[in-house]
Amino acid sequence: MTSDHSSYTVEMSSDELKTVDFQSQKEKDEPGGSNSSSSHRSISSNTWRANSIKEVGVIELGSKGARYGSRKGGSSSMSMSRREISDEDSRKVYINDPVKSNESFDFSGNSVRTSKYSVLTFLPRNLFEQFHRVAYVYFLIIAILNQLPQLAVFGRFASILPLSMVLLVTAIKDGYEDWRRHRSDRIENNRLASVLVNGTFEHKKWKDIQVGEIIKFSANETIPCDIVLLSTSDPTGVAYIQTINLDGESNLKTRYAKQETLRSNEVERISGVIKCEKPNRNIYGFLGTMEIDQKQVSLGPSNIVLRGCVLKNTSWAVGVVVYTGMETKVMLNNSGAQSKRSHLEDRMNREIIYLSFFLVALCSIVSILAGIWLRRHRDELDIMPFYRRKDYSGEDVDNYKYYGWGLEIFFTFLMSVIVFQIMIPIALYISMELVRLGQAYFMIRDDNMYEESTDSRFQCRALNVNEDLGQVKYVFSDKTGTLTENKMEFQYASIFGVDYNGEKTDFYGEQGGYYAKVDGLILRPKMAVQVDKELVRLLRTGDDVKIGKPIYDFFLALASCNTIVPILVDTANPAEKLIDYQGESPDEQALVYAAAAYGFMLIERTSGHIVIDILGDRQRFNVLGMHEFDSERKRMSVILGCPDSTVKVFVKGADTTMFTVIDKSKNTDVVTATESHLHAYSSVGLRTLVMGMKGLSPHEFEQWRTSYEAATNALMGRARILKKVAMNLETNLSILGASGIEDKLQQGVPEAIESLRMANIKVWVLTGDKQETAISIGYSSRLLTSKMTQIIINNNSTESCRRSLEEALIISRKATTSGENAKPLALIIDGTSLVYILDSELEKQLFELASKCAVVLCCRVAPLQKAGIVMLIKKRTNDLTLAIGDGANDVSMIQKADVGIGISGQEGRQAVMASDFAMAQFRFLVPLLLVHGHWNYQRMGYMILYNFYRNAVFVLVLFWYALYTAFTLSTAINEWNSVLYSVIYTSVPTIVVGILDKDLSRTSLLKYPQLYGSGQKQESYNGKLFWLTIADTVWQSVVVFFVPLLAYRKTDVDGSSIGDLWTLAVVFLVNLHLAMDVNTWNWIIHASIWGSCVATIICVIIIDVIPILPGYWAIFHLAGDGKFWVCLIAIIVASLVPRFVVKTLVQHYGPSDIQIAGEAEKLEDQIELRNAEIEMNQPQR
């Protein structure tokens, strides 16, 4: 590949706007501004019929060797639809002969199963999944060790209770969820369908349907399996389906039965063989052939209807089953989004490893000191009280539970592990799940993230990344449908070199806009479009034929060159109906509504013809052929048989691809003017399309038809041949004009981007639109500002990209060294340049450049390139990434980012189904991140540290006790108190505070977006806080242990009594410690903290009144002494005073932004209260 010499230009458009453009001398490859429909339609005339096939492939995101920057990245994972179909990669289906179809092949039944467990597999499989958590394995080992007589420290039942409770709660939750899935599967499998049996249609349960059977379904019925259409109630074989259950799209699609099966006298007698690809996940592709009546015909995506689709606007349809049950495309796609784990949990796991080392250190100290003690007292062990190594109960005097010095040290180490086991907090995992569930509830119920127009609430589709919302550094956003509404509105038209962007009006002369009269009914478009007065005048008068003919052809192209289906909608007036134009592309809908507003109203479409009301004159056009939009041609074309017996080809598509097939020698001035108009439209953010046409002679049409029939019937390389036929047809076109469609910004987008920028979040926009359109949207959304220096990179070779990056880096370094006067940088790069940069040595330079830019705008990018840009950041930084989009082309980006958000918009629900969270508007990102994200991170960070603290302080009390009891690991604290400490005594308050506490109000967090930086800087959970927490824990444990020890040192108090004191002291201490840190009190937090203290007292009393347990009546003997209460108060005061002093000093001399904002809130509340008192106390005049 030859490298071009890139030009380096600096354009100064104003004193404050500077653009640095690195652009190679090439003809830029710019895809169309429209996402044309992908429905597939058969075409017919009175004597001829064929099928238009559009075949697509699926790219597996995780496929080996996928290259984000390559044009052919991931091609190795293409579905069968893009490859040839061979015998080993195909299946044979005998029509109306399920026995023969299934005797040679092991086809799946039509029963579906979305549940995970059965009665027999639930217990083993659920336990296996739960024990994937290493902490659970750790506690299982501890419980097993405690069952050994040599190591038994706690009672055997008490030692397994904590783990059993955690496993039981999780199993109940999993079992309930799976029971609901079983119930749903049972309802689904027992639905009834009409199946052809012995020549008549009979009802049959869905689960009993087999491959090869013929089924019949009626309007509004759901399709039970994947079928190939054989016949429909429409004479031309068309069926309208709704795929909302499949991809979330509510617009109707069209599917067609083959002419050969339509012509059969009776469907019941149809017989033949279908050879098709094996089951795969590609819901947009299908490849097969059907042999019927000794003739072989091709099958494509337009001939198959998938399970879950609903038949609409068609009385009935008949088809043959090709895929059933778990082999249907919808079930093969039912795998869910990839699992993610939060960064906070990753860091927590690292701290747990530190705690594990700390635990090993404690156990090692105890075991080593135990060995030293045994060695020092080895001559006294036989007679020493409370040890008694010898057993004198029998005739032979043997050692009693003494296995030698070495084994005693080893057993002491293992016993220490059992006693100190809660240093690793098992309850933390289930506490985190419950806190996340509570946080999700409040996010879902937040009315500030509720879209009233669509009745859409925020959705939490994954609970394990809630806290990551508070640490996001990069936001990667799609443009169309994410920043914009994806509700297209026709604005400008350039027709034959004339720009019609003048005065607009809502009416076409008649009140309510243009309408057509058909069979006594008044038909109006459902959506009104403002029209250009001058253009309307020219259409009505038609004085100048030279001007009127191109205008006529232009609007005829808008009305006909599409896959729109007109649907009649009833109104309150029986004599009037609305036409709702259904289609997969919002661009196409906008163009057809515009044509209708100007008097070219599409009122009927079948597979063979369309009817257009042209200024009151109904005209029928035969659809002789259609080539749908594809990503390589970036255009679509339709061949019409006109009422005057002429044949015309109308083509629309992206400007760059259209100008390559337009004959510029015919109307040079018109082409030049149109190009100028296109640039002007793009500059104001409009999406553009170019229209062209040409006439076909009978010979040319016959030549095309022959080629087309051969291509559609080809068994090998069908898609490639069809594309070649289309490209041969779409040549030497006459230009008609261009359209400018506005995709308006969503409400609140500029303000949202400004807030995100103030929060130090970098917003990158990744779009497939033209550069000019993307830049214009950038300005209107405040992503770009006039004070920014723009660096533009448009290249088509590796060398030119390298030079552009090097020169851009020089600019960025100069800007960095300019100090306070430095202007922020904005990088604008196109997808073609990314082809040569991503997955190459230039990635490092791109990252260095992008990291110095305030804004990055990538235009003309493919879906895999979007994922590549996300991975560029993830591989080179530890910063958290968030991707947000609304379409299927955003799925790869959403899945690769740390947090994926889907917009439930106009392009279906593919993005939503792949996301972690879903919402209706981009502006909701502000309350989600700045409010809920901040709260979630702050709460979860504090809760993790608090759990480490509350467990460690209890363990250290046991550790100090072991040092004073000859390292025997006997415990003064009752074993049941040890078990209940993490389960009842201290668990509830931390969960409640983790859900409800708010360090700052919503108002402050939205008013000062800079406060979001606390999460980015990990202020609530970091290594420094962890070690400070451990240090504070050691101090508090020393106080808890030694105050009672010194107070009762010379008394006869027993171990059980002082154990109860330690238990109550630790529980009161950790709950008051938590209370000191609560920011927002409410009755639930009060009840949880003080209720836990009361519950502890009650439990200790109950345990001490059970005669069979050690320490009978101990608490009553101890609590009757005033020394007990003095010790309790002294422990709490001495433990918490240092913490209180340090917190006070830090907040006074080095407060964080969060603390300053919190004090400001309190001050504002006091001022408001004082003002209110003044108003109430004003004397009456």
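Glycine too: its Cβ is placed from the backbone N, Cα and C atoms.
TrEMBL annotations:
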type: ACT_SITE; residues: Asp478; note: active site, 4-aspartylphosphate intermediate
type: BINDING; residues: Asp478, Thr480, Asp886, Asp890; note: Mg(2+) binding site
type: COMPBIAS; residues: 1-12; note: compositional bias 'Polar residues'
type: DOMAIN; residues: 192-329; note: domain 'P-type ATPase A'
type: DOMAIN; residues: 912-1151; note: domain 'P-type ATPase C-terminal'
type: REGION; residues: 1-48; note: region 'Disordered'
type: REGION; residues: 67-86; note: region 'Disordered'
type: TRANSMEM; residues: 131-148; note: transmembrane segment
type: TRANSMEM; residues: 154-172; note: transmembrane segment
type: TRANSMEM; residues: 352-374; note: transmembrane segment
type: TRANSMEM; residues: 409-430; note: transmembrane segment
type: TRANSMEM; residues: 948-967; note: transmembrane segment
type: TRANSMEM; residues: 979-996; note: transmembrane segment
type: TRANSMEM; residues: 1025-1047; note: transmembrane segment
type: TRANSMEM; residues: 1059-1076; note: transmembrane segment
type: TRANSMEM; residues: 1088-1116; note: transmembrane segment
type: TRANSMEM; residues: 1122-1142; note: transmembrane segment
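Applying an 8 A CB threshold to same-chain residues 6+ apart, the list for the residue listed as 'active site, 4-aspartylphosphate intermediate' reads Val765, Leu766, Thr767, Lys866, Ile884, Gly885, Asp886, Gly887, Asn889, Asp890, Met893. DSSP places the residues of the domain 'P-type ATPase A' (192-329) in helix, strand and coil in these numbers: 21 helix, 63 strand, 54 coil. The list of residues near the transmembrane segment (948-967) in space but at least 6 beyond its ends in sequence, with Cβ under 8 angstroms from a Cβ of it, reads 351, 355, 358-359, 362, 366-367, 369-370, 373, 386-387, 412, 416, 419-420, 422-425, 973, 978, 981-982, 986, 990, 1026, 1029-1030, 1032-1034, 1036-1038, 1040-1042, 1045, 1062, 1066, 1069-1070, 1073. Thr480 (Mg(2+) binding site) has a Cβ environment of 28 other Cβ atoms inside 10 Å. Per-residue pLDDT, averaged over the domain 'P-type ATPase A' (192-329), rounds to 85. Taking the Cβ of Asp890 (Mg(2+) binding site) as centre and 10 Å as the limit, one finds 31 other Cβ atoms among all the protein chains shown.
Packing against the transmembrane segment (409-430) from elsewhere in the chain are residues 133, 135-136, 138-139, 142, 145-146, 150-151, 153-154, 159, 162-163, 166, 169-170, 352, 355-356, 358-359, 362-364, 366-368, 370-371, 374, 403, 944, 947-948, 951-952, 954-955, 958-959, 962, 967, 969, 971, 978, 981-983, 987: each is 6 or more residues past its ends and has a CB under 8 Å from a CB in it. Packing around Asp886 (Mg(2+) binding site) is summarised by its Cβ count: 31 other Cβ atoms lie within 10 angstroms of its Cβ, all protein chains included.
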